[in-house]
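Here the structure comes first, spelled out in structure tokens, and everything after it is commentary.
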Amino acid sequence: MKRFFEIDFLRGLAVISMIAYHTLFDLNYFAGYSFPIHSDSLFLFRSFAPVAFLLIVGLCLSISYSRARSEKGKAGLFKKYLFRGLKTFALGLAITAITWLVFPQEFIIFGVLHFIGIAIILVFPLLGKKRLSLLLGISFILLGLWLQTFHVSSHWLLWLGLVPEGFYTFDYFPLLPWLGVVLLGIFFGRALYPSAERDFRIPDLSGNRFIAFFSFLGRKSLLIYFLHQPVLVAIILFIA
């Protein structure tokens with residue numbers, strides 16, 4: 001499958017940002033440091049990785065959909081995305097099980113992999129609709145930010161974005177507002193890569209060592225996501 005080096009490069013930047021943030025988080029949690037990772041001054045730092053990752057999820061879904069439609073037609077495509085979504089959600093359930101065993105007070109209930117798995121399925125009807133994806137994307141983000149001002153007494157609406165007072169988990173990506181970010185990614189995919197091809201000119205920098213390194217990280221982002229935390233925690237505990 002044809003890859004676009006600029007997308008892999010941006011995903012690689014997000015990988016580095018994720019590792020940097022989690023390093024500071026782990027130093028605080030396991031070694032007693034007090035880095036102000038939740039302060040307003042570091043908002044852009046901690047937000048870059050998740051926003052970039054989920055924009056790219058939507059963008060790549062749009063490209064994949066355009067390519068699959070041109071090669072095979074629309075029939076049977078939903079089954080492909082349903083399977084992909086369920087597989088990703090199953091990986092999220094594995095993370096839930098592991099964190100429940102190791103960190104039962106803060107285990108991950110609806111993290112980024114749970115979210116991506118559900119999002120892949122939910123956005124399928126919108127993959128070919130640029131304007132509607134933009135409109136719903138902005139609306140879902142605003143609605144999700146508004147919902148954050150409320151608290152409920154139950155955990156049953158965690159997936160949507162409504163949490164009880166004092167709720168805490170290591171990783172939390174509810175449908176609102178994050179589904180809006182994926183939809184914006186679909187919009188950019190339709191706008192920038194219609195028919196699964198670039199609609200803009202860019203120098204071919206894929207041979208540049210710096211670009212190639214980050215692009216490699218981007219291509220291995222799922223593997224790095226699974227491995228980087230155990231490695232970081234092991235190093236921190238060993239040094240501490």
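Every residue gets a Cβ built from N, Cα and C, even glycine.
Copied over from TrEMBL:
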DOMAIN    3-230  domain 'Heparan-alpha-glucosaminide N-acetyltransferase catalytic'
TRANSMEM  12-31  transmembrane segment
TRANSMEM  43-61  transmembrane segment
TRANSMEM  81-101  transmembrane segment
TRANSMEM  107-127  transmembrane segment
TRANSMEM  134-152  transmembrane segment
TRANSMEM  172-193  transmembrane segment
TRANSMEM  222-239  transmembrane segment
Criterion met for the transmembrane segment (222-239) and the transmembrane segment (12-31) (at least three Cβ pairs under 8 Å): yes
Rounded mean pLDDT for the residues that make up the domain 'Heparan-alpha-glucosaminide N-acetyltransferase catalytic' (3-230): 95
